[in-house]
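Read the structure below first, then the notes.
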């Protein structure tokens with residue numbers, strides 16, 4: 001027990017206290033607390049430390065053979081004793097992050113209604129569109145400072161999961177706490193239940209969501225607007241993170257709200273920031289700059305285009321023109337290279353088309369240039385996959401790239417593992433160990449010709465917890481593009497490969513707290529510089545970040561009057 005930490009005064013006692021995950025200590029309640037909070041007889045006699053509890057919990061965790069059972073077990077601890085949950089996860093972060101988030105969370109979302117045990121967060125149905133204020137007032141946590149919200153339409157690479165998408169905000173906020181030190185008392189996961197177009201969900205008798213085709217058009221837009229206004233009335237300073245919205249809604253929602261409220265979209269901006277940070281590290285390791293690269297994307301959705309725009313902005317910051325930077329970025333989707341004159345492109349895709357003058361001398365058997373055609377003609381040095389289509393980084397494609405680039409940078413970022421464009425093992429073999437690889441899902445190190453290559457996971461968890469920590473520590477009112485660019489720069493400075501010439505592109509997850517604090521500092525400094533937070537000294541800023549950083553330790557309790 002941490003007696004040096006001031007006590008917490010609480011009104012709960014007896015079974016009600018044991019049923020409150022944020023406050024429950026289980027067998028760690030002291031003799032005095034058991035007496036004054038009417039817990040005597042409700043717990044076994046032994047009084048244990050959190051270390052003893054964690055040891056038991058980890059042993060139980062290891063007894064489960066498959067990842068889904070492990071996920072369910074950890075979620076049960078989270079819904080019973082949050083302090084113990086976060087101590088356990090932090091003690092085994094590399095082992096458990098793939099269980100509480102990608103890739104296991106994908107299966108958890110698909111099976112959400114089947115494995116449902118207990119409600120967490122808020123389910124805001126379109127049927128309650130006129131009562132959103134009332135629903136927000138029902139939240140278990142009332143001092144909310146960060147919200148992760150989804151409508152469940154584009155869950156990872158798995159598509160429309162309806163309310164099953166709630167697994168993503170729950171998992172994301174668990175990482176805000178485990179990686180970024182955001183107190184779980186300040187978090188709120190929300191799913192906007194606007195129906196589902198997934199026939200499997202609608203036909204499933206176990207499905208717990210609103211059984212209705214998805215609301216679209218102005219009705220959908222107005223519903224989201226009412227939600228945002230209600231959040232602003234209830235928690236005007238809360239950071240809102242949009243998560244796993246479909247392509248047709250993700251970018252428009254971000255554009256509509258980014259200058260009105262403190263918000264960001266992790267799929268677009270967080271993925272872009274961690275990718276740019278990883279690219280900066282890879283460029284340093286390869287002895288070049290990002291502005292010198294030619295970048296090809298497979299996947300031209302909102303996430304891919306968001307990453308591309310972030311790369312272009314970084315290139316421009318390194319001294320080249322916007323037009324030159326755009327000429328070095330090639331977007332390929334199912335119809336081939338995005339080019340001038342292509343029909344049915346979305347606004348954010350139009351900004352990334354290749355001009356005819358840039359491809360007039362290209363050689364191809366087809367008018368629509370394939371990924372291989374781009375490899376052959378553009379001779380890119382960077383290849384990024386955000387397609388959600390497995391296996392499209394073929395041996396032919398990778399080896400064509402390697403012909404023109406000694407150290408190709410290859411990032412197959414699609415999640416979950418089953419959707420990855422190519423495995424690190426194949427990429428390393430096809431390039432004889434020369435490729436610099438980062439993936440979206442976790443992969444084991446690759447051994448080739450007697451050398452071991454650690455594979456960096458280009459995981460948004462390296463970025464968004466630090467952004468959240470920086471924003472909340474200084475009460476920033478916006479999340480700007482410049483703040484996100486600072487997060488990328490700070491991440492790149494943590495790269496073992498860039499710093500030491502060996503190791504992975506990104507630091508091990510065991511260093512995530514150090515990384516998050518570094519990113520928080522960089523993001524907060526930029527927010528202050530841009531006028532989005534009150535000015536303070538660097539020393540005071542670092543102190544604020546340290547003070548805000550929540551740690552999973554049990555506090556002493558004293559009882560207040562009811």
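Glycine residues also receive a Cβ, built from the backbone N, Cα and C atoms like all the rest.
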- Item | Same-site divalent metal cation binder from 222, 267, given that Swiss-Prot records 243, 244 | 267
- Message: With 267, 415 listed by Swiss-Prot as NAD(+)-binding, which of these, 154, 334, 485, 489, is given for the same site?
- Response: 154
- Note on the structure: Neighbours of residue 154 (NAD(+) binding site) among recorded positions 101, 243, 244 (C-alpha cutoff 10 angstroms), in sequence order, are 243, 244
- Roughly how many angstrom lie between the C-alpha atoms of residue 244 (divalent metal cation binding site) and residue 267 (NAD(+) binding site)? 7
- Note on the structure: With residue 101 (active site, proton donor) as reference and a Cα-Cα limit of 10 Å, the qualifying recorded positions from 172, 243, 267, 415 are 172
- Which has the fewest other Cβ atoms within 10 Å: 243, 267, 415, the binding-site residues listed? 415
- Note on the structure: DSSP says residue 101 (active site, proton donor), in three-state terms, is coil
